[in-house]
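Annotated in TrEMBL:
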ACT_SITE  Glu93  active site, proton donor
ACT_SITE  Asp226  active site
DISULFID  Cys289-Cys321  disulfide bond
ACT_SITE  Glu335  active site, proton donor
ACT_SITE  Glu360  active site
BINDING   Thr446  Ca(2+) binding site
Amino acid sequence: MTSGIPSPALVVPAMMKHAWDNYKRYAWGLNELKPISKQGHSSNLFGNIQGATIVDALDTLYIMEMKEEFKEAKEWVEKNLDFNVNAEISVFEVNIRFVGGLLSAYYLSGEEIFRKKAVELGEKLLPAFNTPTGIPWALLNIKSGIGRNWPWASGGSSILAEFGTLHLEFIHLSHLSGNLLFAEKVMNIRKVLNRLDKPEGLYPNYLNPSSGQWGQHHVSIGGLGDSFYEYLLKAWLMSGKTDEEGRKMYYDAVQAIETHLIRKSSGGLTYIAEWKGGLLEHKMGHLTCFAGGMFALGADGAPNDKTGHHIELGAEIARTCHESYDRTSMKLGPEAFRFDGGVEAIATRQNEKYYILRPEVIETYMYMWRLTHDPKYRQWGWEAVEALEKYCRVDGGYSGIRDVYNNHQSHDDVQQSFFLSETLKYLYLLFSEDDLLPFEHWVFNTEAHPLPVLHKDDGNKEENQK
């Protein structure tokens, strides 16, 4: 960084400390913090399970060497993390945040309590797969084992990004517990998908767990679809590149996405549209911005000399997502932005102008930096740090923003657990050396929890690589 600017290596951990200390002061043991009203916030995604911020932040605390904080978090997990609750949870959210967070904490620290809790929770999630096809329910009462789907999802369907984002964690649960059931459950999901016809080679967002047929033919690389594609690539990488089925499914899907969803605006910005029964909606969500990093991460294994092309695609998506930030008054990106009616990379609807501390753009900067070392990615990351400090930092932590185009900031009063798990971790890694959690040894789950690459000759415990 130029002189006069504080070092990111100091600033990002200080941000983490501000977020953590305030969570501890005002919401300890609850799921999330309301940083303005200075009290706890509980999302219904976790049912009655408590402590989402603690479990989500464990690995970030460890990586940033916040030893005292890590120790108190571990003690809370030992004494208070309880899964014997009579409540309905989101299988997807509990898997990526709680199972993922516990697995990473175990692999980084070697502390047995994290392995034990991860496997215990994994076992509680297994009844979600008790459907005619084995495609799991979205919602599960972890006491009764009764599951159901979101009432709004197309004709009782399960959602691609939800049932497609269990693979990495469940492979590791089998690895750590010796119980092969976890791996069998997620491998069966692939079997069901491979039997189905894909419209134009694309995967619709909705699949009925009873009939095994697609619901509405909506396709998105943003919400409802996003992490399914990410986990195909990462399953292959995490297997030490032995999971051929994952590899083929990923590159075939990218080919279809390129043909049918990726477009260039008249101003030269590459974007990924949404597909609705063959018609394109020229809108891109903040969540979709993760795809820049995904394309770059998958570039090395791309078929027929397409490595350079995939890196270029990653760079173009990164540029478009940076523009979505740069074209707001706060220099933070909106929830969704459009490419129609003369508008490019701008949110046109009031209900798409908010920013909830999401990580996907920074995640893509981190992957692009590591894979190209182009300094602009660090510069863009620093712009995001400055904007977060200026507009999202409040006395009691960090808050999302209701309208990134309006300088009179209106806060949403939630410090999301993923801000500590993902946004701050990816910022820290963006400004760290490449040998901190190197890609050849670690794969990040969709909540930024690092999981070790498993080689065929691994015994029951991966050697800790850091």
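Just so you know, glycine gets a Cβ as well, placed from its N, Cα and C.
Owing to the predicted nature of the structure, the values given are computational and were not obtained by experimental measurement.
Note: the CA-CA distance between Glu360 (active site) and Cys289 (disulfide bond) rounds to 6 Å. Spatially, by CA atoms, the recorded positions Glu93, Asp226, Thr446 include one closest to Cys289 (disulfide bond), and that is Asp226.
The Cβ of Asp226 (active site) lies under 8 Å from the Cβ of Ala161, Ser220, Leu287, Thr288, Phe290, Ala291, Thr446, each on the same chain and at least six residues away in sequence. Taking CA atoms as the reference points, Glu335 (active site, proton donor) and Cys321 (disulfide bond) are 11 Å apart. Cα of Glu93 (active site, proton donor) to Cα of Cys321 (disulfide bond): a span of 25 Å.
Neighbour list (Cys321 (disulfide bond), Cβ cut-off 8 Å, at least 6 residues apart, same chain): His286, Cys289, Gly292, Gly333, Glu360, Val361, Thr364.
For Glu93 (active site, proton donor), the Cβ neighbour count at a 10 Å cut-off comes to 22, with all displayed protein chains included.
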